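Asker: The structure under discussion is supplied below as structure tokens; questions concerning it will follow.
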Amino acid sequence: MAGSSAATSCARFLALLATCLLWNEAASFTASGWNKAFATFYGGSDASGTMGGACGYGDLYSTGYGTNTAALSTVLFNDGASCGQCYRIMCDYQADRRFCISGTSVTITATNLCPPNYALPNDAGGWCNPPRQHFDMAEPAWLKIGVYVGGIVPVMYQRVPCAKQGGVRFTINGRDYFELVLVSNVGGVGSIQSVSIKGSRTGWMAMSRNWGVNWQSNAYLDGQSLSFKVTSSDGQTLTFLDVAPAGWTFGQTFSTSQQFS
């Protein structure tokens, strides 16, 4: 009996330990290993040419992303699934001592696509062609790691957790029977796997990715308070209840106090 009881207690402990380990793995995104790529820059000295972009964040100043941003090559962009991810980038000084700034790094957020240019070779202008891993960085961010006249430099990069101030934000655009919701200021892993929406008179409804970080619903939700359920690309799910009051209008942005880790 004593042996059986001890075995049962041990099994329960191991099950609890496994649960805790799995929870910790899902609960906090950690930095990846280092990889090699190349980086160029665009958008001008004030990064005004980086506004908008294929992720749909719009004005990067007002949405909190600033000038530490980059457009990702086709492979890294992953049809928009990488929007919002954060990368620490440093120039590979050992590979290019002439144009690399040694001992510095910059953390950027993915906000745009660097489109392929199949008219040019991959190593002579077609920098963002598959299968290249490439960052076309906002000029102010690039100048923290590279010398302007270099134009293109070899880099080392790693995925890192996104550190954000405040909670996740929801901007509601569209029209009747077409809600287009921009989900921004996402911390932790930074990118989103799925979004669901719920009106005060409906159940939960899955949204579809329209483009970038804009998620679409075709329900009629006017006059209802809105709640959202967001799952990040590393499997964390947060529920944001009554984010928008019943009197919301298209074009409004609503901030929350909840954030991914």
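Each residue, glycine too, has its Cβ placed from N, Cα and C.
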Asker: Consult Swiss-Prot and report which candidate among Cys83, Cys86, Cys100 shares a disulfide bond with Cys91.
Answerer: Cys100
Asker: I want to verify the bond table. Which candidate from Cys20, Cys162 sits on the other end of the disulfide that Swiss-Prot records for Cys86?
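Answerer: Of the candidates Cys20, Cys162, the one Swiss-Prot pairs with Cys86 is Cys162.
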Asker: Could you tell me the C-alpha distance between Cys86 (disulfide bond) and Cys55 (disulfide bond) in angstrom, no decimals?
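Answerer: Cα-Cα distance, Cys86 (disulfide bond) to Cys55 (disulfide bond): 13 Å.
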Asker: Of the disulfide-bonded residues Cys91, Cys100, Cys162, which one sits closest to Cys55 (disulfide bond) when you measure Cα to Cα?
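Answerer: The smallest Cα gap between Cys55 (disulfide bond) and any of the disulfide-bonded residues is with Cys162.
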Asker: Measuring Cα to Cα, how far is Cys91 (disulfide bond) from Cys162 (disulfide bond) in Å?
Answerer: 20
Asker: Need the DSSP three-state call for Cys55 (disulfide bond) to compare against my parser.
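Answerer: Once the DSSP labels are grouped into three classes, Cys55 (disulfide bond) ends up as coil.
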